[in-house]
Structure formats: structure tokens, C-alpha cells
Amino acid sequence: MPKYYCEYCDKYLTHDSPSVRKSHTIGKVHQQAVTLYYKQFEAEWFKSQMQQKGGQVPMMPPFGMQPGLLPPNMVPGQFNIPMMPPGQFPFPPPPGQPMGGMPPHQQQPMSFNPHHPYPPPHLQQSAQQFNSNSPPSNNDQ
């Protein structure tokens, strides 16, 4: 069975299964090895910046910020406008609509359409009574 090699820790894991790799990458020894690995490149970058600037200390980004990254509530191309939560719109809903979005689907009440050739079954009797009470037309004579 092939073994998994961790380049940060410079060691082989006993098994090549996702659970073993996950538990290794969560571990304290691996986290420290990754931190040391990237600190090495940070020191090299600092030295190269010192040489390019002629001895001046380069500007470091504020604590917690990485160059080129936006804060988590910012969208590229917007000016200090926080992102909206999912499912919400940046404008208010039309009058009569709730704030949460579209209302649930509601069925329209059934009504009798006098122009429809056949009324619903529960209204057939009332339609027959309506027709019997109406005055006779010229075609009936």
C-alpha cells in the first residue's frame, strides 16, 4: 500500500487514507511545520524588499490583512458596501410584499365564469336555476 509523504513535516504517514491525512493536517506538529515553512519565505521576501528599497523598511500590511485580499464583507468593485446575506435583495420589496422575499404560493378561489361553457359541478344546479329564471330569448319562440 502506498504511503503518503508530508513535505512540510518531512515524514511518511502510516496509511494513505483521507481520515489519516486529515488527522495529520489538523495536528499541532504539522501546523507548526507549515508555519515555519512559510516564515522562511517571509524572511526571504523581507530581505529582497530591503535590497530593492536601499535599506528602507518596506510597508507591511495592517495586522490580519494580507496584500491583495479584501475583508470578508467586501465585494470587488464596490466602495465600502457590505455584502447582503443570501436570499436578500439590495432594495426594499414592492408594497404589500413581506420582507423575506416571495410569499408562498396561494391558490385562487374557484369562481363561476359565466362565459365558460360548463360550470363547475357544485355550481351546475345554481346555473340551471339561473337559466330557468331568465326571460325567454327571441330564439326560443
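Any Cβ shown, glycine's included, is placed from N, Cα and C.
Note that the structure is a prediction, hence the values are computed from the model and not measured.
Copied over from Swiss-Prot:
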ZN_FING   4-36  zinc finger
REGION    69-141  region 'Disordered'
COMPBIAS  83-97  compositional bias 'Pro residues'
COMPBIAS  100-110  compositional bias 'Low complexity'
COMPBIAS  124-141  compositional bias 'Low complexity'
Per DSSP, how many helix, strand and coil residues does the zinc finger (4-36) have?
18 helix, 4 strand, 11 coil
Looking at the zinc finger (4-36) alone, can you tell me the average pLDDT?
90
